[in-house]
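Have a look at the structure below, then the notes.
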Amino acid sequence: MSLSLMKVPKRYLIVILTFISTCVCYVERVGFSIAYTVAADKAGVNQSSKGTILSTFYYGYACSQVPGGWAAQRIGGRKVLLLSFVLWSSTCFLVPLDPNRVFLLVLARLLVGVAQGFIFPSIHTVLAQWVPPHERSRSVSLTTSGMYLGAAMGMLALPSLVKFKGPQSVFVAEAALGAMWSLLWFKYASDPPRSEHPKATAAGFGESLLPLKGNQKTKMENVGSASRTAKIPWKKILLSLPVWAIVVNNFTFHYALYVLMNWLPTYFEQGLQLSLQEMGSSKMLPYLNMFIFSNIGGVVADHLITKRIMSVTKTRKFLNTIGFIVASLALMALPLFRTSSGAVFCSSLALGFLALGRAGFAVNHMDIAPRYAGIVMGVSNTAGTLAGIIGVDLTGKLLEAATTASSDLSSPESWRVVFFIPGLLCILSSFIFLIFSTGERIFD
């Protein structure tokens, strides 16, 4: 294995490892919602309380986004990413899943949230170091598509694991996956060597690994040596309209994603009266569709840019708009489908086109601020995390109110507002991105 890995260009190996990291993270997130839902239902926990526990993760996650970007900028994304994995894997392994021990469960989910909050700012810092501009769309899309493959794998395998081994077994499996990835990252990941890549500017190392002309080389060597000590332009970042266009779309994307990720199992089981175990592989299709569409978006974006069919700005706006508008229609239509196949199709369409939209707003961090990609990602992902806190908790309260009004959740009316809110947000945020975003570099 070592010999074959040595032949793979190092930046490809880094992208593959970051892809696996996001895959493992989302196995953990889906796994907790599945395992906790089973344990909580068995213990008689109500929907509102379930929503509060499910949203606890995002409070910790929100707190560590910007610090994660700062740490990756100063210490290095490679080290911060490893530390994050060790911390959340250890927590999963050590903490028992007991819905009656609320304080311990809240503390554990906060800690896992804090640890995982460092992951995406670190990844964006690492990718900005290693990946040249003409490979950015597909590299970021591949890495982030790991989230959806992980969610799909979790939805497929973990309900059966819970059924045969109990909810606690999910935590042990997740901790083992985290530990194995940590060993791979420790062995194979490294920082870009400055001697080979003098254009080492992003987050202390490389904005791009493209060849440089002689007169550019000397200039970039000087920039590279000063990059770690350069002051972060916080004010310019926080007052930038293109940054806020990314922030708004990140919020909307994660509102829709987290609501579906945390409440789709409840929608299938109580809204449609279906058993997750009996649904077989169909329950993983929405996330598998995200995996496919995310990579399609990345390849299409790079093709449009490198072939000069569209500018970077027009490419980002085109894919973001198509993705979010189609997703909004699918989300609003979801409660109308009362069969397993109809609900799976509609949720797959919504999540697939949301993932396509990531080739618009999610890669845009590196377009406008390659040197500060981790920082900008931390800012925008904080908004995405707030969406998790608001969306998951609000959905629990909406469903609790619906349960009080009609005594069950099997009617479409109980779910209409739940899916209408992210659908409306998709329309509004796509217009904001159309008006204010740019593909041009605005932070030197």
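Heads up, the Cβ atoms here are built off N, Cα and C, so glycines get one too.
Per TrEMBL, the feature domain 'Major facilitator superfamily (MFS) profile' maps to 1-441.
Sequence annotations record features per position, and here TrEMBL assigns transmembrane segment to 12-36 (among others).
What TrEMBL records for 80-97 (among others) is transmembrane segment. Residues 18, 21, 24, 28, 35-36, 39, 68, 71-72, 104-105, 108, 111-112, 114-119, 121-123, 126, 167-168, 170-172, 174-175, 177-179, 181-182, 185-186, 189 of the same chain lie 6 or more positions beyond the ends of the transmembrane segment (80-97) yet place their CB under 8 Å from a CB of it.
Annotation comment: TrEMBL describes 103-128 (among others) as transmembrane segment.
Feature annotation from TrEMBL assigns transmembrane segment to 140-162 (among others).
As annotated by TrEMBL, transmembrane segment applies to 237-264 (among others).
Look at TrEMBL and you will find 284-306 (among others) tagged as transmembrane segment.
Taken from TrEMBL, the feature transmembrane segment covers 318-336 (among others). Same-chain residues lying 6+ beyond the ends of the transmembrane segment (318-336) with a Cβ under 8 Å from its Cβ atoms: 249, 252, 256, 293, 297, 300-301, 304, 310, 343, 346-347, 349-351, 353-361, 412-413, 415-416, 418-420, 422-427, 429-430, 433-434, 437.
What TrEMBL records for 342-361 (among others) is transmembrane segment. Among residues of the same chain six or more beyond the transmembrane segment (342-361), those with a C-beta under 8 A of the stretch's C-beta atoms are 137, 140-141, 144-145, 148, 245-246, 249-250, 253, 256-257, 260, 264, 267-268, 272, 282-283, 285-294, 296-298, 300-301, 315-324, 326-327, 330-331, 333-334, 426, 430, 433, 437.
TrEMBL lists 373-394 (among others) with the feature transmembrane segment. Among residues of the same chain six or more beyond the transmembrane segment (373-394), those with a C-beta under 8 A of the stretch's C-beta atoms are 51-52, 54-55, 57-59, 61-62, 65-70, 72-73, 77, 117, 120-122, 124-125, 127-128, 202-203, 232, 237-238, 243, 246-248, 250-256, 258-259, 262-263, 365-366, 421-422.
Distant neighbours of the transmembrane segment (414-436): 241-242, 244-246, 248-249, 251-252, 255-256, 259, 263, 267, 271, 316-317, 320-321, 324-325, 327-329, 331-332, 334-335, 354, 357, 360-361, 391, 394-395, 398-399, 402-403, 406, 408; these residues of the same chain sit at least 6 beyond its ends, with a Cβ under 8 Å from one of its Cβ atoms. Residues or ranges marked as transmembrane segment by TrEMBL: 414-436 (among others).
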Quick one: find which recorded stretch in 12-36, 140-162, 237-264, 284-306 has the most Cβ pairs under 8 Å with the transmembrane segment (103-128).
12-36
Same-chain residue ranges lying at least 6 outside the transmembrane segment (284-306) that approach it to Cβ under 8 Å:
30, 134-142, 144-153, 155-156, 260, 264, 312, 315-316, 318-319, 323, 344, 347-360, 363
Going along the chain, which residues at least six beyond the ends of the transmembrane segment (140-162) come within the CB cut-off of under 8 Å?
15, 18-27, 29-31, 34-35, 38, 123-124, 127, 131, 169-170, 173, 261, 276-277, 281, 283-291, 294-295, 297-299, 301, 351, 355, 358-359, 362-363, 366
Residue numbers, six or more beyond the limits of the transmembrane segment (237-264), whose CB comes under 8 Å of its CB atoms
29-30, 33, 54-55, 58, 151, 286, 320, 324, 327, 331, 347, 350-351, 354, 357-358, 360-362, 364-365, 368-369, 372, 375-376, 379-381, 383-388, 390-392, 395, 399, 418-419, 421-422, 425-426, 428-430, 432-433, 435-438, 442-443
